Each structure stands twice: as C-alpha cells, then as structure tokens.
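Record features, source Swiss-Prot:
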- Asp36, Ala37, Glu38, Tyr39, Asp40, Ser85, Leu86, Glu119, Arg142, Glu179, Lys295, Lys319: NAD(+) binding site (BINDING)
- Lys121: active site, N6-AMP-lysine intermediate (ACT_SITE)
- Cys413, Cys416, Cys431, Cys437: Zn(2+) binding site (BINDING)
- 596-683: domain 'BRCT' (DOMAIN)
Amino acid sequence: MSEVPAAIQEELNTLRETINDHNYRYYTLDDPSIPDAEYDRLMRRLREIEAEFPQTITPDSPTQRVGAAPAEGFETVSHRLPMLSLDNAFEEQDLLDFDRRVRERLKEAEDARIDYCCEPKLDGIAISLLYRDGYLVRGVTRGDGSAGEDITANVKTVKNIPLKLRGEGYPAELEVRGEIYLPKAAFDAINKDAAAKGEKTFVNPRNAAAGSLRQLDPRITAKRALEMCCYSVGYFEGELPGTQHDILTQLQQWGLKINSQMKLASGAQECLDYYRHIMSVRDQLPYEIDGVVFKVNRIDLQQELGFVSRAPRWAIAHKFPAHEEMTELLAVDFQVGRTGAVTPVARLKPVFVGGVTVSNATLHNMDEIRRLDVHIGDTVIIRRAGDVIPQVVSVVQDRRPENAVPVDRPEHCPVCGSDVLQLEGEAVARCSGGLYCSAQRKEAIKHFASRKAMDIDGLGDRLVELLVEKELIDSPASLYSLKAPDVAGLERMGEKSAQNLINAIEASKQTTFARFIYALGIREVGEATAKVLAQHFPTLDLLKQATEEDLVEAPDIGPISAGHIRSFFQQEHNLETIDALLNQGVSWPEVVVRSTETLPLSGQTAVVTGVLADYSRDEAKDLLTRLGAKVSGSVSAKTGFVVAGEKAGSKLTKAQDLGVKVLDEDAFKQLLEEHQAHLGGEA
C-alpha cells in the first residue's frame with residue numbers, strides 16, 4: 001500500500017472539512033453557499049483520493065454515508081432512559097388545563113407565567129442517537145419506549161445527521177433524540193418514481209420514512225432523502241445548558257439540525273398564539289406535522305414535575321384538527337371482517353383531502369350512521385382522522401336531494417346469508433355465521449388449528465391459506481377429511497411432510513373440552529374463559545343448552561360474553577359444524593370438575609410479565625389458573641402479586657409503585673413446588 005503524499009493528505013483534510021461545512025449549511029441551517037454541481041465535484045474528488053489511498057478512509061468521512069452490505073436483521077437495544085410518549089391536547093381548553101396543572105404542581109401563583117419551549121410536532125419516526133467522544137456510535141428506534149431496534153447502519157445514511165459532532169465541549173457520552181422524517185418533496189418524488197415503475201406507492205411521508213429506515217440494505221435507505229430534526233437529549237455524561245431552548249441551540253452548534261420554527265413562549269396564551277400561527281402555515285412547511293409540542297423550558301422545573309407512568313408531566317402535544325373536505329356519498333356497502341364484524345363503508349365521489357385522493361371512508365357502525373343521519377346522495381364532510389384513515393364526520397343537511405335514500409342495516413350477512421345480530425350494549429353488528437361464513441373462513445380455521453386450540457403441528461397460517469385457496473378445505477371439520485396426496489403437491493410440501501401433517505391432524509382429535517371450546521372461536525371466549533366454561537358446564541349438551549342467565553353465573557362471564565356464547569349455539573350453521581367435528585372423531589375425556597374454593601390461590605389476581613427462562617408466559621398463566629388464581633393482563637391496586645421475568649417493563653414498575661408483591665422466577669418456582677399436589681390434569 002503506497003504512502004500518502006503530504007500534499008494529498010492536506011487536500012484530503014481540506015475536502016472533508018469543506019464538505020462537512022457545506023453539509024452543515026445545507027442540511028442543518030438550510031442555507032447552502034455553493035451550487036449542487038460544485039458540491040458534487042468536491043465529493044467526486046474525495047472519492048477518487050480514498051479509492052487510490054484506501055488507508056485514508058475514516059468512519060466519519062462524508063463518503064461513508066452510503067450504506068454497507070445488507071444486514072440480516074435488527075438487534076434489539078434497551079434505552080438507558082425510556083423514550084416516553086407525550087400526553088395529547090385536542091382542544092384549547094386541554095392546553096389551558098395542562099398549564100394550570102403545571103403551575104399548581106410548582107406551587108406558582110394563579111397569574112404566574114411559565115416559560116415553554118415550543119416546536120412543531122413532526123410526523124416521522126422517533127430515534128435515539130448515541131455519540132461517544134463526539135462520534136456517532138449507535139442509532140436506535142423508539143420501539144416500545146423501553147427498547148428499540150439498532151438501525152445504526154441506516155441512520156448513518158441520513159445526510160443531516162453528523163457522523164462526528166462539530167466544535168468542542170460536548171459530553172463524553174451524549175444521547176440525542178429526534179424525529180427522522182421524509183420531506184414532502186422527497187415523498188412526492190419517491191411515489192412518482194414508484195408509480196412510473198408500476199410499484200406500490202406509500203400512503204404518507206411517515207410510512208415512507210418508517211419503511212426506509214427499516215430496510216435491511218442501508219444502500220436502499222441511502223437513496224431516500226431522509227432528514228432528522230432533534231428535539232431533546234436523553235442520557236449524557238457531563239454538563240448541558242439549563243433550559244430546553246438552550247440545549248437545542250447547543251445541539252445546533254454541534255452540527256445537529258433543530259426546528260427553525262422553535263420559539264419560547266411565556267404563559268399559556270402565548271402558547272395558543274404559537275399553535276394558531278403554526279397551524280396557519282402548516283401547509284407551507286416542507287414537512288408533515290400533526291401538531292405542536294410545548295415543554296416547560298427550565299430543566300430543573302422539568303425534574304421537579306417528573307413523570308407519570310408513560311409520559312412527562314412537563315410536556316404536551318397539542319394536535320391539529322384533521323384535514324376535511326366535502327364530497328357526495330354515492331353508496332354504502334357492508335363488508336364482513338375476519339371476526340364477523342359487519343362494517344359500513346362509504347363509497348364517495350373522489351375528493352383530494354389531506355394529501356391523497358379519497359374515494360372510500362369508514363362509517364364505523366350503524367349507531368354512527370344513525371347519529372349522522374346519513375342518506376345515500378348526501379353531501380358529506382370527510383376527514384382524514386389522524387391524517388391517515390378517512391371517515392365521514394358530518395352531513396351537509398341543506399344540500400340533501402329529494403331522492404336521498406336512508407341507510408338500513410342488512411338483516412342477513414352479505415357473504416353467507418346468516419343472521420346479522422347486534423347485541424345490546426355493542427355498537428358493532430356481526431355475522432352470526434361463525435365457522436360457516438366464508439369471509440371468516442381462513443381466520444376461523446387458523447384459530448381452530450392454533451397451538452392453544454387444537455394444536456395441529458405444522459398447520460401454519462400460510463398453509464391454511466393455500467388449502468382454502470385450492471378449495472381443499474372449507475371448514476374446520478373438512479381438515480379431518482384431508483389425505484396426504486391432497487397436500488403433497490402444495491408449495492414446500494412433499495410426501496413426508498404431507499404425511500406428517502395428516503398425522504398431526506389425526507392426533508389433534510384427542511383434545512380437551514376447554515381446548516375444543518376455545519377452538520370454536522366464539523367471540524369474547526379466550527383460553528381462560530374456555531376453561532371456566534368447561535368447568536361450569538362439563539358436557540357439550542349442558543353448554544349448548546345454557547341460557548344467558550345460566551352463563552352469567554359462571555365465574556368472570558359477563559352479560560356481553562354470555563350473549564355471544566348463547567348466540568353462537570343458536571345458529572344452525574355452527575351446530576352443524578360442531579356435529580361434523582364430532583362425527584370426524586374429535587373427542588375429549590370426561591371433565592373432572594374442581595372446586596376452585598379449595599385451591600391455594602383462590603381469590604387472588606396474578607399478573608405475568610417479562611421473559612421467564614423455564615416457562616412461556618402462557619405456561620405460567622396456565623399453572624397459576626390451575627392453582628385457582630385469576631390471571632389479569634394489567635396491574636392494579638387489587639393485584640395480589642406479579643410474576644416478573646427478565647426485561648419486565650411498565651407492569652413491574654407499576655407494581656413497585658403500588659406496593660404489589662413481586663415474585664422473580666425462583667420465587668415463582670418455589671410457589672409451584674409448595675402447591676405441586678394441586679397441579680393435576682387439564683379440563
């Protein structure tokens with residue numbers, strides 16, 4: 001490898017310094033000082049030198065933004081400090097209430113004015129950047145707030161994220177948080193290019209940014225003109241300024257982009273003025289926003305105010321109303337979802353709203369249709385709720401034509417003809433066809449074959465879809481008529497795997513009553529409820545004949561669940577499917593009815609969270625249920641104890657805050673050993 005001449009090394013250093021300076025002016029300050037052609041010439045020369053003298057390439061060179069080879073997946077990384085979400089304000093009064101709460105907690109006078117740092121709320125992807133000694137070492141998505149995906153290789157392709165901080169005085173370790181987004185012009189260019197190639201276009205810039213960041217090949221990410229805007233810091237070692245505004249200003253001096261619309265406001269009224277101003281210029285901004293964020297400016301006051309479980313008390317996001325437009329309602333169709341929900345869909349005269357052309361919109365349910373008094377032929381107002389999902393929000397009554405037609409709920413399922421029922425207390429009408437309805441067929445069979453139901457090994461979702469599409473099965477019962485030659489010719493199936501599948505289907509005939517009930521897919525009947533039903537109604541005939549009054553006498557069965565169960569067993573199609581399953585040989589041993597009152601954990605509510613080394617979460621829940629405990633998905637003051645494994649998150653924190661007893665895995669094992677005698681067979 002030849003030695004680098006001094007003159008070349010000097011030119012190299014000058015090129016990098018010059019290019020970094022232009023990147024800063026272009027991407028961070030939005031104030032370019034040279035034409036694009038001149039910038040391209042500088043980059044070409046830098047690449048030429050590095051190609052001739054590869055030993056000169058450094059991780060922070062401007063040329064290293066183009067991604068490396070594709071990754072095989074993303075590693076999960078825990079955030080040292082949680083990346084919490086913000087509480088929302090939707091009305092001006094919500095913001096005034098927030099300001100009042102802040103002043104009350106700080107014991108300020110009623111007429112005191114708190115200083116707030118105000119910024120537009122970018123509609124992008126939250127990201128955490130970690131700098132060590134000024135060098136970017138890691139980029140992680142927000143994820144669930146406690147842990148996210150390591151997308152460092154992709155983050156390094158975002159041109160306004162410095163690979164090395166400018167200047168000096170930055171902390172030895174500094175976590176910077178912000179939003180990665182796709183500017184409107186870049187979004188339009190990507191979609192225009194995709195449309196020209198006949199490819200699927202993105203719905204909105206946020207989806208495009210998310211899809212770009214999660215590319216396993218950073219070279220694809222590099223082709224997208226993503227940008228980042230910083231809004232806060234997380235963990236850091238050293239000192240930073242004492243206000244939100246000054247911290248962001250300091251980040252800008254270190255080479256990171258902050259929002260040029262950032263402003264200080266004194267008191268709630270100035271915050272409202274800022275909100276109205278940003279809303280008025282929203283469409284002129286080069287990026288999508290969905291509101292503004294207000295943060296108490298002084299860091300010491302932020303620390304005094306603290307946090308609730310999921311959000312800081314010192315910040316709030318004031319959301320904008322969704323974009324709206326008027327158009328004509330041409331028709332209302334009723335669609336049947338995979339769970340049987342019968343949903344009205346408005347067919348509209350196409351209208352451009354919120355950046356897209358909308359021709360369909362949700363009407364949610366019949367209650368909403370009645371509330372709006374919707375007629376076919378009406379002029380309606382369409383809103384893109386959350387700037388994503390179009391919905392009908394109102395009717396322009398004075399434009400109703402004389403021939404407008406009211407919208408009635410269908411009495412029968414538009415797919416299978418079964419009764420459409422709407423139970424008291426429920427807004428959604430549902431097809432009662434259950435296992436029979438073809439709209440629900442694939443999902444019904446997937447559920448029937450799942451591990452917690454009939455546990456048919458090897459019958460995954462994709463194979464179910466293939467079997468239905470090839471018309472080899474049309475109901476759960478038809479699974480038991482399959483023969484090995486029927487499936488041997490399917491994708492990724494051979495004679496051996498086909499026979500293994502048939503053997504697994506045959507083995508599933510021997511099950512338990514609780515599993516069979518769960519496998520039927522009755523609405524509101526989960527695994528725990530199925531076990532309750534099997535204990536309370538130990539034969540199929542007793543369960544089929546149970547009235548709603550009988551059902552609500554069973555533990556934890558409420559009137560809504562009882563209504564669903566009763567409705568299911570009243571439908572002839574469902575009874576025929578059950579008979580077909582029994583005729584195919586599905587059976588279970590007689591249920592041994594246990595008295596839960598004598599079980600050691602009777603009357604106690606337990607919660608399982610985190611990762612256990614020797615038990616899946618479902619196994620742990622099952623063991624607790626068999627000891628008489630009621631297993632809940634959330635922690636409250638009524639929780640008896642929490643079983644917490646590794647990486648336990650917010651549930652563990654809440655349990656500790658409430659003083660609820662916490663068992664680690666060793667203590668859980670000890671509990672099981674103490675009551676081993678009660679862990680008998682399954683219902």
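These residue numbers are counts, starting from 1, taken along the chain as shown.
In case you wondered, yes, glycine gets a Cβ from its N, Cα and C as well.
Where Swiss-Prot records a feature, it is marked here on the structure.
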residue : record                                  : DSSP class
Glu38   : NAD(+) binding site                     : helix
Leu86   : NAD(+) binding site                     : coil
Lys121  : active site, N6-AMP-lysine intermediate : strand
Arg142  : NAD(+) binding site                     : coil
Lys295  : NAD(+) binding site                     : strand
Cys413  : Zn(2+) binding site                     : coil
Cys431  : Zn(2+) binding site                     : strand
Cys437  : Zn(2+) binding site                     : coil
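If you take the C-beta of Cys431 (Zn(2+) binding site) and look for same-chain residues 6 or more apart in sequence within under 8 angstroms, you find Val336, Gly340, Val342, Cys413, Val415, Cys416, Ser418, Asp419, Val420, Cys437, Ala439, Gln440.
Note on the domain 'BRCT' (596-683): its mean pLDDT in the predicted model is 84.
Across the structure, Lys121 (active site, N6-AMP-lysine intermediate) and Glu38 (NAD(+) binding site) are spaced 34 Å apart at their Cα atoms. Helix, strand and coil residue tallies for the domain 'BRCT' (596-683), in that order: 35 helix, 17 strand, 36 coil [DSSP]. Counted within 10 Å of its Cβ, the other Cβ atoms near Glu38 (NAD(+) binding site) come to 12, all protein chains included.
Local packing around the Cβ, expressed as the count of other Cβ atoms within 10 angstroms, is greatest for Cys413 among the binding-site residues Leu86, Cys413, Cys437. Report note: the Zn(2+) site is defined by Cys413, Cys416, Cys431, Cys437, and the residues of the same chain whose CB lies within 8 Å of the CB centroid of those residues, excluding them, are Val336, Gly340, Pro414, Val415, Gly417, Ser418, Val420, Ser432, Gly433, Tyr436, Ser438, Ala439, Gln440.
Taking the Cβ of the residue listed as 'active site, N6-AMP-lysine intermediate' as centre and 10 Å as the limit, one finds 22 other Cβ atoms among all the protein chains shown. For Arg142 (NAD(+) binding site), other Cβ atoms within 10 Å of its Cβ number 20.
Here Lys295 (NAD(+) binding site) comes close to Tyr116, Cys117, Ser232, Gln244, Gln302, Trp314, Ala315: these same-chain residues lie at least six apart in sequence, with C-beta atoms under 8 angstroms from its C-beta.
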